[in-house]
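All remarks here apply to the structure that follows.
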Amino acid sequence: MKVLVAIKRVVDANVKIRVKPDNSGVDLANVKMAINPFCEIAVEEAIRLKEKGIASEVLVVSVGDDRCQEQLRTALALGADRAVQIKTDVAVESLGVAKLLNAIVTKEECGLVILGKQSIDSDNNQTGQMLAAIGNMPQGTFASEIEFEEGEVRVTREVDGGLQKVSLALPAVITTDLRLNEPRFASLPNIMKAKRKPLEVLSPEGLNVDVTPRLTTVSVVSPSERQAGVIVSSVAELVEKLKTEAGVL
Amino acid sequence: MTASILVIADHNNEQLNAATLNTLQAAVELKAKTGSPITVLVAGAQCEAVAQQAAAVSVVDKVVLIEDDALSSQLAESVAPAVITLTNAATYSHILCAATTFGKDLLPRVAALLDVSQISEIIEVVDADTFVRPIYAGNALATIKSSDAIKVLTVRGTAFDAVAATGGAAEQSRFSVSNSNEMSRFVSEEKTLSERPDLTSAAIIISGGRGMQSGDNFPMLEKVADKLGAAVGASRAAVDAGFVSNDMQVGQTGKIVAPDLYIAVGISGAIQHLAGMKDSKVIVAINKDVEAPIFGVADYGLVADLFEAVPELEQTLS
């Protein structure tokens, strides 16, 4: 079974982002970038499936400009077999990404798609579900465990207030939650080897997919900054202030 | 026929989830801009009681009930086609659902089947097609305008006050669908059995960080939590150190919370963590390091050894 993993290049989770002074967006100049943490979990899960002999090949895909090749190479160093960059210099919305991924799933006849549940930049939490809809596939979102049995995949999902198990026919789409696994680090020899692994560059036009945006970003602003409050001297004073001043106890 | 605003109810076939009342407030604000009536869709199995509850909500104009045994576990693969069938039979300008795991799972599937983009977790209605939503875990707020004919929106509950659950008498109708879902099946559900509230819905949260030193010290926080009816959370540092499990993590890659009171104990205040809790109404920090960044966002800071302060806090609350 061929497994497709989609990854996104995003601002590193430890970077404090700044809104551009003209409020047109977030300033990404000279900022450290990384694979979106949830996508990293997706890559790890796919590699584990290959190690278990369930996946025959792990194909990693990213949509973006040439800089996303850096993240594709990282995924190859982690153990993916082959990479595809769908090259575009403009931001593509989740719906467009889902359509592009569906074109690859069809072309490559993938049996399983694993994606992060959301990216930590746009926080949309949409692409996996949209891909499942467009490809007429079932979806196991917010997965914390995946098991295979007789042509089906059983997914444990993190839902509000607990866990839900669903069984999905293949091909299926799975989106990862934090507890699914702990991603490995790439070793130096594997980083070197990854440079020679195949990386194919495709385009939305070549895949015959219209990615025209439907949404316009009117403005991006910083949320109102929280001001530091007061330092209290004792637990008694703290409780007193929470009761009388803040009114939360 | 005028278009209406469709709110998809989040429910468990017996009870309307309270988050739907917050979503309805967003619908009320849309109605004020557009004049369109508000329809609530209740889709499930043997869920007429939920339709009754929805009809009793003061702001609801109409309730549509889709009852089908195939919808009992409300999987997105079966609910989404039912929503599409309904949208083919009536005109909707907006489709809203709470940004619960139900809504987050379902709505993008609906949006894609309608070939429209979704705007996730809106926190403000600017006008009929413009909305504010947090990006970068709330470190920036984006105002987004949609050019799609149908606006598909999930609504962040903490940003809208709940509407009154009673006082209404909406018109009720039934709608039937004939979709079959061969691709997915519900297996089981395991609800977390805890006396404590869920992190994402708790009014009070007490969280521990690396300063807790060990998972064995978390019962100290649990005792305080039990006095306050609070949930217990943790920072990524505490999770990475193996003190507690991942599902307790509050932060950019964990759970985003906004309780009335957030008590951070032994948490330095890494960006990762602040992103997940800075929208809390009141923040308390207990840390022995006066330089800890958490004090920069805390309304009340206590510079103290947590191993003395936390037991004392528990005592004081008794």
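Cβ coordinates are placed from backbone N, Cα and C, and glycine is handled just like the others.
These come from TrEMBL:
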type: BINDING; residues: B:R210, B:235-236, B:249-253, B:266-273, B:N287; note: FAD binding site
type: DOMAIN; residues: B:5-190; note: domain 'Electron transfer flavoprotein alpha/beta-subunit N-terminal'
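Structure with TrEMBL features highlighted.
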residue: B:R210; record: FAD binding site; DSSP class: helix
residue: B:Q249; record: FAD binding site; DSSP class: strand
residue: B:I267; record: FAD binding site; DSSP class: coil
residue: B:H273; record: FAD binding site; DSSP class: helix
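Here B:H273 (FAD binding site) comes close to B:G209, B:S235, B:R236, B:A237, B:V250, B:G251, B:Q252, B:A264, B:I267: these same-chain residues lie at least six apart in sequence, with C-beta atoms under 8 angstroms from its C-beta. On the 0 to 100 pLDDT scale, the domain 'Electron transfer flavoprotein alpha/beta-subunit N-terminal' (B:5-190) averages 96 in this prediction. Chain A comes within the C-beta cut-off of under 8 angstroms for none of the binding-site residues B:R210, B:I267, B:H273. If you count neighbouring Cβ atoms within 10 Å for each of the binding-site residues B:Q249, B:Q252, the highest count belongs to B:Q249. Taking the Cβ of B:A270 (FAD binding site) as reference, residues of its chain lying under 8 Å away and at least six apart in sequence are, in sequence order, B:S235, B:R236, B:A237, B:G251, B:P293. Non-local contacts of B:R210 (FAD binding site) by the CB criterion (under 8 A, 6+ apart in sequence, same chain) comprise B:S235, B:A237, B:A238, B:A241, B:G266, B:I267, B:S268.
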